[in-house]
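Record features, source Swiss-Prot:
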ACT_SITE  Glu53  active site, proton acceptor
ACT_SITE  Lys136  active site, proton donor
ACT_SITE  Cys170  active site, nucleophile
DOMAIN    13-288  domain 'CN hydrolase'
REGION    359-383  region 'Disordered'
Amino acid sequence: MSSNPELKYTGKVKVATVQAEPVILDADATIDKAIGFIEEAAKNGAEFLAFPEVWIPGYPYWAWIGDVKWAVSDFIPKYHENSLTLGDDRMRRLQLAARQNNIALVMGYSEKDGASRYLSQVFIDQNGDIVANRRKLKPTHVERTIYGEGNGTDFLTHDFGFGRVGGLNCWEHFQPLSKYMMYSLNEQIHVASWPAMFALTPDVHQLSVEANDTVTRSYAIEGQTFVLASTHVIGKATQDLFAGDDDAKRALLPLGQGWARIYGPDGKSLAEPLPEDAEGLLYAELDLEQIILAKAAADPAGHYSRPDVLSLKIDTRNHTPVQYITADGRTSLNSNSRVENYRLHQLADIEKYENAEAATLPLDAPAPAPAPEQKSGRAKAEA
């Protein structure tokens, strides 16, 4: 990907990242809690706020600690009911809060599309507009019993004015090719959305806070980007819901396990961590000039690359389960983003416009129903 000539590496921005337990399996109550964090961050001068992986309506810890029959019968219907559709009435509450508080945010949520779900991050700007939406490319291990996969359109960044922001979920930070793709997009601020980590360790050290904090910090060093790690906390409500009186399950979901962090482009810690069982926000002021200093020595997708020897290929088209072949032989396969389709559907709900770029529904208007043909689109990468 070529660099953006308008991309600036000057200026400072105050940011915040969340460490907190959602109101598990209750989207409306979790959004209430999110709005509280949005208002708090804005009041303290932050221009950007990062939320954890599928914070709405919560991370499905049940998939790791019990059998499939128990998980499906006890949790899946309610989880689906409390998942969000892109731009629905519940998401519009977040949009309105962003606009009223003049703050941009990335929210991790369970996105439902028909009867399927996806591990998604929605990007909402200071005006309350949805500017991007991405899905986790490959859900991890038992997550694949709950969520579908993303595709090549899900590698993206968005310039919010104060900096170019991208994001990945959880163990996407273990994927070298995915990380390299993000580095190539000249990401300046990276949202690393995580759940709380849980006690399958020491048998599985990869799931420990230590291991996952290590790859998060490494992302900052490798990509020379600021990283905001946002994480859940396992509270008593989560533990009681998923473990009940089962001592073995409770041992797998110990209280706490929060580990929000903010790192500089050289890997330096920029904020004092909260206690693992505490809820709250971490703050830092980011100086974008520090990226230039870090990249002077190593820019893996720039001067420190060898594309004549090693290169990455990515297909950014939407590969949908059904493709319609027209009379002239063309198919419906394209790179149209899900956000673009959402805006087009907004227009159809207002009136007929030929220019689809200018119009949006007022945030206090009811959200339009999702268009049936929007089955698998995602926001495409900005070069």
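For all residues, glycine too, the Cβ spot is worked out from N, Cα and C.
Glu53 (active site, proton acceptor) sits 10 Å from Lys136 (active site, proton donor), taking the CA atoms of both as reference points. Between the CA atoms of Lys136 (active site, proton donor) and the residue listed as 'active site, nucleophile' there is a gap of 9 Å. DSSP assigns Lys136 (active site, proton donor) to coil in the three-state reduction, placing it in neither a helix nor a strand. Listed in sequence order, Glu53, Leu119, Lys136, Thr140, Ser193, Trp194, Pro195, Asn212 are the same-chain residues six or more apart from Cys170 (active site, nucleophile) with CB atoms under 8 A from its CB. Other Cβ atoms within 10 Å of the Cβ of the residue listed as 'active site, proton acceptor', summed over all protein chains shown, number 28. With a 10 A radius on its CB, Lys136 (active site, proton donor) counts 27 other CB atoms from all the protein chains.
When pLDDT is averaged over the domain 'CN hydrolase' (13-288), the result is 96.
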